[in-house]
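Engineer: Just passing along the structure, written as structure tokens.
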Amino acid sequence: MGKLSMLYNAAIASTFVKVFLFPSYRSTDFEVHRNWLAITHSLPISEWYKSSISEWTLDYPPFFAYMECVLSWIAYFFGFDKAMLDPYNLNYVSPSTVVFQRGSVIVLELVLLFALREYVLSSNVKDQRNALLTAIDIFLSPGLLIIDHIHFQYNGFLFGLLLWSIVLAKPEKNMLLSAAIFSALICFKHIFLYVAPAYFVYLLRVYCFTPNFRPQFLNILKLGSTVISIFLLAFGPWIYMKQIPQLLSRLFPFSRGLCHAYWAPNFWALYSFVDRVAFAVLPRFGYALNQGTSINAPTRGLVGESSFAVLPNIPPALTFYICLGLQITVLIKLFIKPTWRVFVGAVTLCGWISFLFGWHVHEKAILMVILPFSILSLIDRRYLEAFRPLAVSGYLSLLPLLFTLNEAPIKYLFTGAWIAMLLTFDKCAPVPVKRVFLLNRVNIAYISGFVPLFIYNCFIHKLVMGDKFEFLPLMLLSTYAAWGIFWSFVSLLWLYFTDLK
């Protein structure tokens, strides 16, 4: 208990903050999940993925639908507002509804706390202090506070499952249970398919084959039957009802643009920024552009829209092949050297590649990179320096999700305090045996650059521009954050291939 008391105290303190935030701003995701409670409670299972009573149709895999169903019956039996369970009560909100839904996020986040506890206890004695700091760092994530406890989602629960499966993937733990939990996680939210290749290669290499590549047929049978059983448990009813095509059409809507309406800070944000600058600048130098393309067209995130004014348009297939090629490169190292740390690096990089180069990526997906990378961040100072621009850029890029004035103090103070904590970790990260030029001062200068950027976005832009160029502050933040995230990606990629063991 003693070594974990700091983690528990941090969890208790943060829970008070989260309860205090119950009345705060709620995004449309709050109504999305209320509607899913209503659908799974009031409609037969055959209608779950067919219902279009609300525009917020069920588009998560079956395990998440089952979870919403269980939550709905808990709400029903414990006397919460039953009107929230009526699918025809569109945009319904009541104090009881808010308390139940906000409270369910906090309770389910205990899975994350348990996973972090297991991570600390499974670490070597000499690494436990840093593991504890990492656990606190993850649980106090500004991203989880913003996205889950204000904006409204269940990422703490989902990433708790991911981190628990990562911890169990240590050879001395329970790799079969790790595979089972990760398979279940995919059946909760299919975005985790991005990192599935790393699990496949690692489990194949370590669990299904001996170090000299002799197949272990019993392990292959156990692994295969476990994974298949979990997917049958999730998708079995829809297989029986012959509704798999309908279910998949909800899970994978391909008619969206390359970028979300608010550009995620990835490679395509940089690409879009260059396109917009070229559109504005080239005509001044006598270059004729296609006047049929509006400056508002590039990557606004609208359905079916992904055209550019100057640069070539990007088809979905190209993003797939870029991600596939880069992930294969990462997986080759994992196949050759299948250690647990290399596995964590591969999970991080597979998620990172999908975030940087994937199609229609949401800014919230940056959690798939930051949280796994946190496990590696205190190996030594090189990893910490690679982590810092990612974490700072990623979390600051989430702040525009909260655009109401009442939430401004908490989002800036909490995120600022977390960044200040991160900047003190130099004392904890070991100095590497192989000294390299870490560009520490460059990283600090880059992070400091967010200060004038936010001053401009929050105060100067409105005074100078008025109602013109409303997209400019978001574009500047997304583009500047993308540089830091891309630089961190290159840094970890270098360490992954040259150092990680």
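Yeah, the Cβs are placed from backbone N, Cα and C, and that goes for glycine too.
According to Swiss-Prot, the protein has these features:
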TRANSMEM  4-24  transmembrane segment
TOPO_DOM  25-59  topological domain 'Cytoplasmic'
TRANSMEM  60-80  transmembrane segment
TOPO_DOM  81-95  topological domain 'Lumenal'
TRANSMEM  96-116  transmembrane segment
TOPO_DOM  117-131  topological domain 'Cytoplasmic'
TRANSMEM  132-152  transmembrane segment
TOPO_DOM  153-156  topological domain 'Lumenal'
TRANSMEM  157-177  transmembrane segment
TRANSMEM  181-201  transmembrane segment
TOPO_DOM  202-315  topological domain 'Lumenal'
TRANSMEM  316-336  transmembrane segment
TOPO_DOM  337-341  topological domain 'Cytoplasmic'
TRANSMEM  342-362  transmembrane segment
TOPO_DOM  363-389  topological domain 'Lumenal'
TRANSMEM  390-410  transmembrane segment
TRANSMEM  413-433  transmembrane segment
TOPO_DOM  434-443  topological domain 'Lumenal'
TRANSMEM  444-464  transmembrane segment
TOPO_DOM  465-473  topological domain 'Cytoplasmic'
TRANSMEM  474-494  transmembrane segment
TOPO_DOM  495-501  topological domain 'Lumenal'
Engineer: Could you check if the transmembrane segment (132-152) is in contact with the transmembrane segment (4-24), meaning 3+ Cβ pairs under 8 Å among residue pairs at least 6 apart in sequence?
Structural biologist: yes
Engineer: At a threshold of under 8 Å on Cβ distances, which of 60-80, 342-362, 444-464, 474-494 pairs most often with the transmembrane segment (316-336)?
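Structural biologist: Looking at each of 60-80, 342-362, 444-464, 474-494 in turn, the most contacts to the transmembrane segment (316-336) are made by 342-362.
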Engineer: Any contact between the transmembrane segment (4-24) and the transmembrane segment (342-362)? By contact I mean 3+ C-beta pairs closer than 8 Å, pairs at least 6 apart along the chain.
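Structural biologist: Stretch pair does not touch.
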Engineer: Determine which residues of the chain contact the topological domain 'Cytoplasmic' (337-341) at the Cβ level, with the cut-off under 8 Å and only residues 6 or more beyond its ends counted.
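Structural biologist: Those are 169-171, 201-202, 205-206, 376, 379, 500-501, in sequence order.
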Engineer: Quick one: find which recorded stretch in 60-80, 390-410, 444-464, 474-494 has the most Cβ pairs under 8 Å with the transmembrane segment (342-362).
Structural biologist: 474-494
Engineer: Please indicate, using numbers and ranges, the residues of the same chain that are 6 or more beyond the topological domain 'Lumenal' (81-95) and have a C-beta under 8 Å from a C-beta there.
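Structural biologist: Same-chain contacts beyond the ends: 26, 30-31, 34-35, 37-39, 41-43, 51, 53-54, 72, 75.
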Engineer: At a Cβ cut-off of 8 Å, and with pairs 6 or more apart in sequence only, do we get at least 3 pairs between the transmembrane segment (474-494) and the transmembrane segment (390-410), yes or no?
Structural biologist: yes
Engineer: Taking helix as H, G and I and strand as E and B in DSSP, count the residues of the topological domain 'Cytoplasmic' (25-59) in helix, strand and coil.
Structural biologist: 18 helix, 0 strand, 17 coil
Engineer: State the residues, same chain only, that lie 6 or more residues beyond the ends of the topological domain 'Cytoplasmic' (25-59) and have a CB under 8 A from a CB inside it; answer 'none' if no residue qualifies.
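Structural biologist: Contacts of the topological domain 'Cytoplasmic' (25-59) (Cβ under 8 Å, skipping residues fewer than 6 from its ends): 65-66, 68-69, 71-73, 75-76, 84-93, 97-98, 101, 150-154, 237-238, 241, 243, 246-247, 250-251, 253, 401-402, 404, 406-407.
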